[in-house]
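Asks: First the structure, which I've put down as C-alpha cells, then a few questions once you've had a look.
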C-alpha cells in the first residue's frame, strides 16, 4: 500500500535531493504564533496543524465524515461501542509507528478543550487502545455524533505521539512531530516573518482522490514557505510581481486589481462563506429588553452590511436570514420574518412601542479588523437613524476581547453591542453553534438566558433521525428570532488568489496545501 | 573622559529601572487580556481563567513585577506568551533587519542631507536654496507609508528594478541584502533628510556670518575649505544633536516602513506584540529601544568633544 501510494505521488514531484527544491510561497491570513492546535483555536494554527498532523476521519466536500487515518470503524449492535482501526504503514515524522495508544492520548487531550466533545463526553465511559492498531470508545449511552466530532473541521482532532499528547491541554506544546503530509521546520520559524514546512517523504496518503479534507492528502511540493505580510497592498504587489505564489485572504478592495492580472487566478476556495454577527448584551439596558432587540433587527438590511465588507458584486456575498448556515441541512427561516422588515420607520415605531427611554448604547468597533469594523459602522448608522443614544468606541481587537467579557453597565466599562464573524462551518449544527447557545453565564458574550433554546439543543444532540433533527432546527430558529439575542448579518465569500502556475488547487472547508504543486 | 563614560554608563541603570517600572505598570493597567485572545471564542470563562493562571497572569502586580525584574537582572527577558519562544531569541531574530534599515537610512540621510543643507546655506535665496527647502517641506509633510507605496509602485512594479518586499540577511551577500533595503531606506529617510537638511542650513547660515569666516575669506581660503573645514565643523554640534534625536524618529518610522515593505524587524515585532498583548515581548523590546536610545545619547555627548574643543568632560 505504501509503495502504491508513493507511486501515485511520485510523477508530479521533483525530489528535493534531485535538484532545486520547489517551494510554494504563501501569504497566510495571519501570523503563526503558536504551533499547538489544542492550546489555541487560532485558524492559522489549525491550518498549520493540517499540514503536520493527520486525523482519524475528516470532512469531504459535502460535509460527510470519511475515514482518514482510520481504515474504518464499526458500531456494536447495542450502539455502545465504537471500534476504530488504523491504516497500516502510518508513521510519525521521527520514524515511530502511529499506534492506537497515540490516538487515544491525542483524543483525550483534544476532548478537554473541544466544545463539541464536551457535549458528548458525559456519555463516554472510556476511550482505550485494544492493540497497536485498534482503539474503542465505550459509551454509557449511544452517541450518533461521535464521528462527526472526531472529523470536524472547526476544532479538529489531530493525532500526535503519545509522549506529546500527554501534555496538559492548557499547556502549550513545542514539539511539532506529527504524521501528516508535511513536516514543520522549527529552525526556520521566525514568528511574524516566516514559517516553513518540508514534504514528508514517508507519508502514505489514502488512495482515493482528494475530496474536501478527505481522500488522498498527497504532498506534491517540496517546501511550503509562509511569509507574513501584514499590509494588503504590499501583498498584492508581491503576488503580481511573482514574489509570492498564493495569497490566502486577499482584501476585497484589491480583488478587481488581482483579477485584471493575467498571471493571477482569483477564486473561492473555502467551501463556506464567512458570516457576520451582531451581538447584544442581554444583561444590561436597553438590550435586556427583547422587544428593543427585535426593533433593531427590523431596521437591518443584510445587503448593506455585506456591501460594506465585500463590495457591490452580488456574487461576493449572500443574504442568509436564519441562524444556520445557508445551503446546509438545517438551514431554515422559520420565524425569520422580523429580519425581512428592513424598514427604519417601522423599526423606530417598534422601538418606541418597546419603551426605549434613551438609555445609552455603547457599540465597540475594532479598528484593526476591517471586516468587523465595517459591520460595526453599519449598525452604528442604523442605531443613529433610529434615534438611539449611541456611543461608538473605536478600539483594537485586543481591547475588545477583554472588554466584551465585562458584565458591568456601560457607565462602568460595559458594552451594549459587539460584532464578530464566523466561518459557515461553525454555524451548521446546534451542537457547536456558538452564538445560538443561550445558557446564561456560560453562553457566549451577551449571556442570553433562554432555557427553551438549551432544551431544544439537548434534544437535537440525542436524536439521530434526520426529520426530527430538521424539526428541532426549525424550532430553534424560530425561538432565536423571537429572542433575537444576536442578529445574523448574512455571509460573504472570501476568495483566495494564486499564480497561474500553481496547480491542483481544490475546494475544501479549510486552507490546506496537499495536492497542490507548481508547473 | 574615562571616568565620565563610566559615570554615564552607570547612570543608565536608574534610567532603565524607571523605564522598566513605567513599561510594566502601563501594560498592567492597559486593557487587554492575552488569555482571552489565546482561548478563542469557543472557550468557557473557566478555560480563560486556567490559561491566565498557567501564564501567571493571575498573580498580584508586585509579585509579577518582582519576578520580571529578577529575571532581567539575571539576563532573562522571559518567554513570549504566544510563541513560547524566549524573548531574547525573538529579538535576535528581528534585530538584524531593523539595525540594517536604520544604519542604511542613517548613512543615506546624513550623506544627502548635510551637503544639501550646506549648499542651501551657501546659496541662500537662490533656486538651490528654495529647492532644498521645498524638498524639506515635502519630506516633513508626506507620510512615510505614502512615500513607500509610491517608491514601490515606480521602482518595483513599473520598472521592476527592485523587490517589492522582504529582507535578505547580509550573510547571503551584500547586493541581495542591499537591494531589499534601498526603497525602505529612502522612504524612511525622507523625513530624516528633511530634518537634517533644515538644521544644517539654519546652523550654517549663522556660522557663515561669523567674523572668522570673513577672515578665512580674506585670507583667500577656497570656498569648499571655508564651508566644510571651518563652517561645518563649527556647525556640527547642533547637527549631531538632531541626528541623535532623530534616532527616535527612525525607531518610530521603522514600525511603519517595516509593515509597508514586509521587513521582519523589531518594529513589526512590537506592533504584533502590542496587538496580541504579548507582555514579555513588549517589555523586552521597549527596554531594548530605551537602552539603545540612552547609548546613542552618550555617543553624541562624546562626539561633541571631537568637534568643539571647548567641551571637556
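Note that Cβ sites are derived from N, Cα and C of the backbone, with glycine treated the same way.
Caution: TrEMBL annotation is automatic and unverified by curators.
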Asks: In TrEMBL, which of the ranges B:72-92, B:177-197 has the transmembrane segment annotation?
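Replies: The listed stretch tagged transmembrane segment in TrEMBL is B:177-197.
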Asks: Transmembrane segment per TrEMBL sits at which of B:38-61, B:134-157?
Replies: B:134-157
Asks: Check for me, if you would, whether the transmembrane segment (B:134-157) reaches the transmembrane segment (B:235-261) - at least 3 Cβ pairs under 8 Å, residues 6 or more apart in sequence.
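Replies: Touching, yes - the transmembrane segment (B:134-157) and the transmembrane segment (B:235-261) meet the threshold of 3 or more Cβ pairs under 8 Å.
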Asks: When you look at the transmembrane segment (B:177-197) alongside the transmembrane segment (B:281-307), do they share 3+ Cβ pairs under 8 Å, ignoring any pair fewer than 6 residues apart in sequence?
Replies: no
Asks: Under 8 Å between C-beta atoms and at least six residues away from its ends: which parts of the chain pack against the transmembrane segment (B:177-197)?
Replies: 100-101, 104-106, 108-110, 112-114, 116-117, 120, 132, 135-140, 142, 144-145, 147-148, 151-152, 155-156, 162-163, 166-170, 239, 242-243, 246, 249-250, 253-254, 257-258, 260-261, 263
